[in-house]
Amino acid sequence: MGCLNVVKVNDTQTTNLKEEEECTLDGAVDLHGRPAIRGRTGTWSTATLLLVNQGLATLAFFGVGVNLVLFLTRVMGQDNAEAANNVSKWTGTVYIFSLLGAFLSDAYWGRYKTCAIFQAIFVIGLVSLSLSSYIFLLKPKGCGDEQTPCGNHTSLQISLFYASIYLIALGNGGYQPTIATFGADQFDEDHPKEGHSKVAFFSFFYLALNLGSLFSNTILGYFEDEGMWALGFWASTGSAVIALVLFLAGTPRYRHFVPKGNPLSRFCQVVVASARKWKVQVPVNGEELHEEDGDEFDNNGSRKILHTQGFMFLDRAAVITSKENIHESKDRPNSWHLCTVTQVEEVKCILRLLPIWLCTILYSVVFTQMASLFVEQGAAMKTTISSFHIPPASMSSFDILSVAAFIFIYRRVLDPLVARLRKSSPTGFTELQRMGIGLVIAIMAMIAAGTVEVFRLKYTQQNCSNCEGSSSLSIFWQVPQYVLIGASEVFMYVGQLEFFNKQTPDGLKSFGSALCMTSISLGNYVSSLLVTIVIKISATDKMPGWIPGNLNKGHLDRFYFLLAALTAADLVVYIICANWYKYIKFEGKNGEDNGDKHGDLRV
């Protein structure tokens with residue numbers, strides 16, 4: 001069926017619209033590789049399926065990950081240090097596999113195929129873990145709770161367990177960055193209404209992720225903590241199976257983008273070609289640089305990237321010399337000798353993104369405290385209301401509720417208000433501005449956590465053998481720091497997802513989402529390194545240091561204030577990088593220039 005990409009202006013075109021249907025403007029295709037018809041593919045009908053899929057997959061993943069350290073100690077018989085080290089390796093592997101999934105998605109498989117394959121691997125890993133736990137590991141029957149450790153296991157059983165959890169890591173890691181980009185693909189950013197929905201999708205995506213983790217952290221976490229590991233793992237497996245079925249159910253209506261080939265080779269071609277021509281003079285305006293005809297881009301669904309100033313040494317790769325003679329030859333030029341402007345701009349884009357990405361790592365250091373030091377701090381506070389015990393880890397529920405609340409506040413209140421106040425732009429905060437606001441709120445969260453720790457130490461028992469609950473200060477004084485972390489996530493991580501999706505070239509969209517995941521991963525590693533350095537420097541013969549085993553003898557408040565100071569310094573660097581950043585420039589349908597501007601943090 002033909003497509004009509006025109007705007008109705010008279011009755012004749014009204015008749016044409018009845019005969020033909022409108023295609024998307026962004027080059028998306030349907031399941032059969034034909035141009036995607038707007039009314040029959042994509043939009044919220046498929047995006048909602050992907051949001052539910054994301055929530056269920058997150059529930060399944062955290063149903064295993066949230067209490068994995070307890071499973072290793074209670075069931076596998078490992079000590080605390082060994083278990084913590086194994087969980088760190090496993091978590092880091094998840095994020096490494098995210099780069100693999102992004103590469104395969106962008107280069108060869110496409111996003112739909114990548115999501116389907118890695119979700120299937122995810123389900124296989126969960127089934128294997130559930131079966132091995134039920135049949136082999138949870139012996140004697142009823143073991144695995146706090147009072148009853150399990151027996152020894154054979155090498156084969158241990159190998160099967162590790163194979164299972166690393167299949168889970170492979171499946172979830174490869175799937176996560178791709179599903180976010182695939183969901184955004186369901187909206188045509190060149191269409192006014194769908195473009196607005198695409199921006200909103202990232203907020204709902206992050207909300208779905210948090211709601212999935214809320215259920216696993218509370219309900220499944222409770223069952224597993226009570227020793228019902230098989231039940232928890234089978235529940236995770238069921239959730240993952242439903243997620244996969246829902247994903248496949250939307251197959252006929254999904255919009256797709258054709259993979260653009262190996263990005264690493266394109267990157268290397270630019271470097272090699274520019275190095276070969278290191279003596280060549282670069283044209284000042286860039287108009288004489290080599291670029292393919294527009295038809296070449298229309299055929300593969302890519303958009304042409306316009307030339308930008310900066311990194312001028314890379315422009316040599318697109319300079320046409322007498323050796324190429326492309327005007328006289330009908331053959332396609334060798335890309336290792338002559339690259340297109342679009343190819344050169346892809347490399348420039350990645351180089352410009354890296355400083356922004358590096359500035360987000362320290363924010364992830366702050367974010368990771370919620371799962372570590374916040375919990376230890378809460379355990380040393382009053383955790384009871386009457387006779388009811390509040391698990392310190394469950395306080396993260398306030399973070400998730402904060403994320404849900406602030407997504408609504410931002411989308412419905414703050415963003416429209418800022419858009420009305422701004423005269424230079426009809427939109428609210430830019431992604432760079434939102435990420436900067438996220439850093440500011442993160443500083444406030446660390447100051448709040450440090451202040452709570454000062455008062456906790458003031459109302460604590462100094463000499464105690466078991467210092468859990470040794471302070472009379474209620475654990476609910478932690479609520480502000482959790483709420484502030486949740487608010488900062490809405491500005492930082494949602495803004496980061498949107499920013500990398502918009503600013504990465506068409507052939508690197510999944511890689512942009514993977515950058516967000518690797519930021520969190522590196523944040524974990526930097527946090528561990530920072531804690532180790534602080535302990536070694538602050539500990540002396542007479543003083544146990546800032547973060548000792550007994551927090552009542554340390555100064556956790558100083559560590560929180562240190563993080564606030566480091567994040568403030570990071571904010572200064574971020575502001576410099578954001579104002580230096582130059583947005584990517586795509587050529588529009590009529591050849592117009594869109595996006596020619598520098599980063600701007602001014603409201």
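Cβ coordinates are placed from backbone N, Cα and C, and glycine is handled just like the others.
Automated prediction, rather than curation, is the source of TrEMBL annotations.
Note that the structure is predicted; figures quoted are calculated from it, not measured.
The transmembrane segment feature in TrEMBL is assigned to 51-72 (among others). Sequence-remote contacts of a segment are chain residues at least 6 beyond its ends whose Cβ falls under 8 Å from one of its Cβ atoms, and for the transmembrane segment (51-72) they are 78, 80, 82-84, 86-87, 90-91, 119, 122, 126, 129, 144, 165, 168, 172, 175, 179-180, 183, 201, 204-205, 208-209, 211-213, 215-217, 220-221, 224-225, 229, 232-233, 235-237, 239-240, 242-244, 246-247.
According to TrEMBL, the feature transmembrane segment maps to 93-110 (among others). Long-range contacts of the transmembrane segment (93-110) within the same chain, counting only residues at least 6 positions beyond its ends with a Cβ under 8 Å from a Cβ of the stretch, are 117-118, 166, 169-170, 172-178, 181, 256-264, 507-511, 513-514, 517-518, 520-521.
Per TrEMBL, transmembrane segment is recorded for 116-137 (among others).
Taken from TrEMBL, the feature transmembrane segment covers 199-223 (among others).
Annotation source TrEMBL lists transmembrane segment at 229-250 (among others).
Under 8 Å from some Cβ of the transmembrane segment (353-375) lie the Cβ atoms of residues 392-393, 395-396, 399, 432, 435, 438-439, 442, 445-446, 449, 478, 481-482, 485, 488-489, 492, 496, 499-500, 503-504, 512, 515, 519-520, 522-524, 526-527, 530, 547, 556, 559-560, 563, 566-567, 570, 573-574, 577-578, 580-581, all in the same chain and six or more residues away from its ends. Summarising the annotation, TrEMBL assigns transmembrane segment to 353-375 (among others).
What TrEMBL records for 395-414 (among others) is transmembrane segment.
Sequence annotations record features per position, and here TrEMBL assigns transmembrane segment to 435-455 (among others).
Sequence-distant contacts of the transmembrane segment (475-494) (same chain, six or more residues past either end, CB-CB distance under 8 Å): 202-203, 206, 360, 363, 366-367, 370, 374, 377-378, 381-383, 390, 392, 395-396, 398-403, 405-407, 410, 434-435, 437-439, 441-442, 444-446, 448-449, 452, 455-456, 516. Among the features that TrEMBL reports, transmembrane segment is placed at 475-494 (among others).
Annotation comment: TrEMBL describes 515-539 (among others) as transmembrane segment. Tertiary neighbourhood of the transmembrane segment (515-539): same-chain residues 88, 91-92, 94-96, 98-99, 173, 176-177, 353, 357, 360-365, 367-369, 372, 493, 496-497, 500, 545-548, 555, 558-559, 562, selected by CB-CB distance under 8 Å and a gap of 6+ residues from either end.
Outside the transmembrane segment (559-581) by six or more residues, the chain places 352, 355-356, 359, 362-363, 365-366, 369, 373, 432, 435-436, 439-440, 442-443, 446-447, 449-450, 453, 531, 534, 546-547, 598-601 with a CB less than 8 A from a CB of the stretch. Here TrEMBL flags 559-581 (among others) as transmembrane segment.
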Next on the checklist: Using a threshold of three or more Cβ pairs below 8 Å, and leaving out pairs closer than 6 in sequence, do the transmembrane segment (116-137) and the transmembrane segment (395-414) count as in contact?
Outcome noted: no
Checklist outcome for this item: With the cut-off at Cβ under 8 Å and a gap of six or more residues from its ends, the chain residues touching the transmembrane segment (116-137) are 57, 60-61, 64, 75-76, 101, 109, 150, 153, 157, 160-161, 163-175, 178, 229-230, 233-234, 236-237, 240-241, 243-244, 247-248
